[in-house]
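See structure below.
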Amino acid sequence: MQRDCTMDYKESCPSVSIPSSDEHREKKKRFTVYKVLVSVGRSEWFVFRRYAEFDKLYNSLKKQFPAMALKIPAKRIFGDNFDPDFIKQRRAGLNEFIQNLVRYPELYNHPDVRAFLQMDSPRHQSDPSEDEDERSTPKPHSTSRNINLGPTGNPHAKPSDFDFLKVIGKGSFGKVLLAKRKLDGKFYAVKVLQKKIVLNRKEQKHIMAERNVLLKNVKHPFLVGLHYSFQTTEKLYFVLDFVNGGELFFHLQRERSFPEPRARFYAAEIASALGYLHSIKIVYRDLKPENILLDSMGHVVLTDFGLCKEGIAISDTTTTFCGTPEYLAPEVIRKQPYDRTVDWWCLGAVLYEMLYGLPPFYCRDVAEMYDNILHKPLNLRPGVSLTAWSILEELLEKNRQNRLGAKEDFLEIQNHPFFESLSWTDLVQKKIPPPFNPNVAGPDDIRNFDAVFTEETVPYSVCVSSDYSIVNASVLEADDAFVGFSYAPPSEDLFL
C-alpha cells in the first residue's frame, strides 16, 4: 500500500498528535476530552475529542478498511475511568490510532477522518507558503526550484558527529531529537527537517527565515540559540540549545493555573524576549504556551521561529493569516493589516491563561471562539490584583491602535504598574531567582517531555549521511535549493 504523502492527493500529509487531555463537566456528567494537535503545511490547529468520538470513527473505518487492522484502546467496563494512569495509557493508544490514520492517503483523505480532524474547515484553508503582502508582488519568471538562500557556512559537520538519543518533539516537516555530540559529550536539541517535504510545500523561505532569526537570538537570554546548522542530501539539521525544563504548556496543564507572582515573572521574561525581537524588526506572531520552554533553572526560553516576520519596523504592517486560533488577535482574524502589537495581544492571552487556566475567549467551537475574540467583552474574574486586571484589559484591547505597546512598544509594557516590583536589569541578567525550579537531574534529563514523543524510536535515517553517488536527481535538486543553509559560528566559539 502506498504511503507517499506528496503525490496527487487533496493536500499535504497531515501530522497529528495528542499532547494532552483534560477533565470536563457538562450537566453534572464528568468526562475526559483529548486535545488533538493537527498540522498541515504551515497551518496548525487543535481539535477536542472525547473517547466516544474516537470509537465512532474507529468503528466506521474498520468496516471499510478491514485489512488495515486498526485498533484503539478498549472501553473500560469496570474501574475508575478517571485514574491518571488509565487516562495516560488510553491517550497513548488513541495517539497511536490517529498516527496510523495519517500514514495512508486512503485514510487521511477519507471524509470521516477529514471531518474528525476538521481538515476541510474554511478557517484551516489559508495557504501561508507565501505572505499575503508578498503574493501581490510580481515575481520574475523562473523554471527552476533552485535558489540561493544565503552565504555558505561550515560544510564539515555531519550526522555521525552525534549520538541521537531520544525523540523530544515533532512538527510538520520533521522531528526534534536529543543528541549528544561525540567530540565533547555536550547535549543539544537537533531539529531535523526533510528537504523533500519542505520543497513540496514551498517552505524554503520560512525555513531560512527561522534560521536567520535563530542566528540573531544568541544575544538574548530568553531566546533559544542556534549553535550551527548543516545539511545532507536529504535533510536539514539545526543544532540548538537543549532546554529541558519542559514546555510552559506542560506545567500549566499539570497545575491548571499559576499564582500571580509566578505568572508575572514568566510574562516579564517573555515580554523581554519579544521586545528584543521587535528591536531587530522581527514580529514573532505565534506566541503560545507550547512555544515557551523553561530551562533547567526555571527561566523562560522562547522557541519555534517558523512564523516570524522579518523587516517589520515600528510603523510597518503585514497581512498574513497565521498563528494558533486561541491566541489570534482580532485584526488577524479579520485579515486586516497588523503590526508588532499582535505580539502584545498574544502576551495578554498567555498571561490570562497562566492566571485563569484557559485562554481569554476560549471555546471548543473555533468559529464561536473567533466570534468571541472579535466581539465578546473580556471576562476578568476575581482572584487577581487590580494591576493584573489593568494590564490584561490593555493588552487584550481589540483595537490595535489603542493596545498597550501601540505607541512605544516594549517600553510601555516595562512601565506598566503590573511589573513595578521587578527590576528589568536584574531580570535580563538572570539575577531574579525563578519562582519554580523544574528540578532536572542533569543535562540529559527528559522527564519534562511528553512520553508520546520520547517513547518513539529514533529513526535510523537521521543518524547517517547520504552518499551522493546513490541519490536520485530530485534529491540533488533539493540539495541545490538549500545552498547557504549550513552555518558555523566563528571558530573560537564552535565547540564552546
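Every residue gets a Cβ built from N, Cα and C, even glycine.
Annotation source Swiss-Prot lists domain 'PX' at 12-124.
The region 'Disordered' annotation in Swiss-Prot covers 121-157.
Among the features that Swiss-Prot reports, phosphoserine is placed at Ser126 (among others).
Taken from Swiss-Prot, the feature phosphoserine covers Ser129 (among others).
For 139-151, the entry in Swiss-Prot reads compositional bias 'Polar residues'.
Taken from Swiss-Prot, the feature domain 'Protein kinase' covers 162-464, and the record attributes it to sequence analysis.
Long-range C-beta contacts of Ile168 (ATP binding site), restricted to its own chain and to partners at least six residues apart, with a cutoff below 8 Å, comprise Val176, Leu177, Leu178, Ala189, Ile446, Phe449, Phe453, Thr454. Annotation source Swiss-Prot lists ATP binding site at Ile168, Gly169, Lys170, Gly171, Ser172, Phe173, Gly174, Lys175, Val176, Lys191, citing sequence analysis.
Taken together, the residues of the motif 'Nuclear localization signal' (195-205) have an average pLDDT of 71. Positions annotated as motif 'Nuclear localization signal' by Swiss-Prot: 195-205.
Look at Swiss-Prot and you will find Asp286 tagged as active site, proton acceptor, backed by sequence analysis. Under the DSSP three-state reduction, Asp286 (active site, proton acceptor) is assigned to coil, being neither helix nor strand.
Here Swiss-Prot flags 420-496 as domain 'AGC-kinase C-terminal', drawing on sequence analysis.
Marked as phosphoserine by Swiss-Prot on the basis of similarity to another entry: Ser486 (among others).
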DSSP helix, strand and coil counts for the domain 'PX' (12-124)? 48 helix, 32 strand, 33 coil
C-alpha of Gly174 (ATP binding site) to C-alpha of Asp286 (active site, proton acceptor): distance in Å? 19
DSSP says Gly174 (ATP binding site), in three-state terms, is strand
Any same-chain residues 6+ apart from Lys170 (ATP binding site) with CB under 8 Å of its CB? Would you list them in sequence order, or say none? Ser15, Ser17, Val176, Phe453
With every protein chain in view, what's the tally of Cβ atoms within 10 Å of the Cβ of Asp286 (active site, proton acceptor), excluding that atom itself? 21
